[in-house]
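Here's what Swiss-Prot has on this protein:
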SIGNAL    1-30  signal peptide
BINDING   96, 129, 164, 186, 259, 260, 261  carbohydrate binding site
BINDING   160, 162, 164, 189  Ca(2+) binding site
TRANSMEM  485-505  transmembrane segment
C-alpha cells in the first residue's frame with residue numbers, strides 16, 4: 001500500500017477521476033444503476049421507489065400550529081406538553097416533568113414514513129431524560145417510559161440523553177419493540193431489549209435535529225440529520241431492523257420526560273407519509289374527503305384568492321415605481337447560466353458520493369451483525385463438551401469469521417477512499433489560483449522532506465554505532481574491606497568500660513553534692 005500511495009500525487013487528476021469511477025463501479029449493478037441507500041427498503045434500483053402521499057391528519061407543523069382554544073388539529077396532548085404557534089414543547093426544562101402528543105385517529109398504513117424535526121436544549125453538559133417517537137396500538141398518554149405508558153404494543157424510537165447504566169454510551173438512539181407484555185428496563189437504558197441502536201449527540205445543536213423513520217416491507221430504518229448544517233436532506237444512517245412486525249393499525253405519538261436534570265424538548269414538525277409499493281395503485285384523496293369538506297375548502301380557497309388579489313392591487317398602487325422592470329433583469333446571463341451549471345454538476349457529484357457513504361454505513365452495520373452472531377455461535381459451541389465430532393464446523397465458522405473481518409477491512413478502506421474523494425471534490429468546489437500542477441508539486445515537496453528526514457535518521461544511527469564491536473559493561477569498583485571480628489569485639493568492650501566508668505563517676509559526684517544540703 002505504501003508504493004501505491006506515493007504514486008497518487010504523480011498521477012494527478014487522471015488518477016483521481018479513475019479512482020472515482022472505480023468507486024462508483026463497485027456499488028453499481030450490471031446495468032450501470034446503483035441502489036439508493038436513503039430510500040426505504042432499497043433493494044432494487046432507483047426507479048423502484050415507493051409512492052409517497054402526505055397524510056395531514058397525522059401531521060403537524062408551524063406556523064399557526066394551534067387553534068384559538070389551544071388545541072392541535074387531529075392531535076391530543078397530555079401531561080406537561082405546551083403547544084404554541086411554532087412548536088410543541090413536550091417537556092419543559094423543569095425537574096420531573098413529562099408530556100406527550102398523540103394522533104386522535106388510528107393509522108392503517110401498511111408502509112409509512114415519518115419526518116420529525118425537534119430540538120433538545122439544556123444548560124448543562126448532561127441532560128435528561130430524553131424523547132421518544134412512538135407507533136403503538138393504543139395511546140400512551142402518560143407513563144414512566146419517557147413520558148409514555150409502559151408495556152406498549154408497537155415500536156418506540158428512544159432518544160436517550162441520560163446514562164442510567166453508567167457505561168458512558170449516551171446520548172444514544174435506541175429502537176425497542178414490545179408486544180404489550182414486557183416492561184422497559186430503564187436502569188440499563190433498555191440495552192437488553194434494543195433491536196438496534198446508534199450513538200448520536202442530539203443536544204444543543206446549532207440547527208434542529210431531524211429524524212426520518214421508515215417502515216417499508218417489514219423493515220424499519222432510522223436516518224438522522226445531526227443538526228450541524230442547515231441542509232434538510234443531510235441524513236446519515238443510524239439503525240435498521242429487518243423482519244419487524246408491528247400492529248396493522250396504531251397511533252403515532254411523541255413524548256418526553258425530565259428527571260433530576262432537565263432539558264427543553266421541543267418538536268417543530270411531525271410529518272407522516274403513506275408509502276405505496278411500486279406497481280400498486282396509490283390511494284386517492286377523494287375517498288377520504290367528503291363532499292361537504294370539499295365545498296368548505298373550495299370556499300376558503302376562493303376567499304383567500306380574493307384577499308390575495310386585493311393585496312396585490314394595494315401594493316401596486318402604493319409602489320408605482322416598481323412597475324415595468326426591464327426584461328433583462330428577469331433572465332440570467334450566459335455567464336450566470338454556465339456558473340449555475342458547473343455548481344449543479346458538482347453538487348450532483350457530491351450528493352452521489354454522500355449516497356455511497358450511506359450505503360457503506362449500511363453494509364458495515366450488516367457485516368458487524370453477521371460477525372457478532374457468528375462469534376456468539378462459536379463461543380456457544382466452544383463452551384460445550386470437548387471431544388465431540390464438531391471440529392469441522394468449528395473450522396468452517398472460523399473461516400467465515402475471518403472472511404467477514406476481511407470484508408469489513410476492505411469496506412473500511414473503500415470508505416476511507418470515498419472520504420478522501422469527498423474532500424477532494426469539496427476542494428474542487430472552491431476554485432482558486434491553485435491547479436493540478438501546484439497540488440502535485442505540493443505532494444512532491446512533502447515526499448522530498450520525508451526523504452530528508454529518513455536520511456538524517458540513518459546518519460544518526462550510523463554515527464551512534466561506528467563499529468561492529470559489542471558494547472562492554474564498565475568495570476566494577478574495588479570492593480571495600482570489612483572490619484574484622486577481633487577489632488569489633490575490642491571496640492565494644494572499650495566502649496562498655498568507658499560507659500560504666502562514666503556512670504560510676506556521675507554517681508559519686510551526685511552523692512558528694514548531697515552532703516552540702
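Every residue gets a Cβ built from N, Cα and C, even glycine.
For the binding-site residues 96, 164, counting C-beta atoms within 10 A of each C-beta gives the highest total at 164.
The local packing around residue 129 (carbohydrate binding site), expressed as other Cβ atoms within 10 Å of its Cβ over all shown chains, amounts to 29.
Mapped onto three states, the DSSP output places residue 160 (Ca(2+) binding site) in strand.
Cα of residue 260 (carbohydrate binding site) to Cα of residue 160 (Ca(2+) binding site): a distance of 15 Å. With respect to their backbone Cα atoms, residue 129 (carbohydrate binding site) and residue 160 (Ca(2+) binding site) stand 6 Å from each other.
Around the Cβ of residue 189 (Ca(2+) binding site), the same chain contributes 160, 163, 164, 165, 169, 170, 172, 174, each under 8 angstroms and 6 or more positions distant in sequence. Look at residue 96 (carbohydrate binding site): DSSP puts it in coil. Annotation note: residue 260 (carbohydrate binding site) sits in a coil segment as assigned by DSSP. The Ca(2+) site is set by 160, 162, 164, 189; from the centre of their CB atoms, other residues of the chain with a CB within 8 Å are 128, 129, 130, 161, 163, 165, 170, 172, 186. Here residue 162 (Ca(2+) binding site) is positioned 9 angstrom away from residue 261 (carbohydrate binding site), judged by their C-alpha atoms. Taking only the Cα positions, the spacing between residue 96 (carbohydrate binding site) and residue 162 (Ca(2+) binding site) is 14 angstrom.
Under a cutoff of 8 A between CB atoms, and with a sequence separation of 6+ in the same chain, the neighbours of residue 186 (carbohydrate binding site) are 144, 145, 164.
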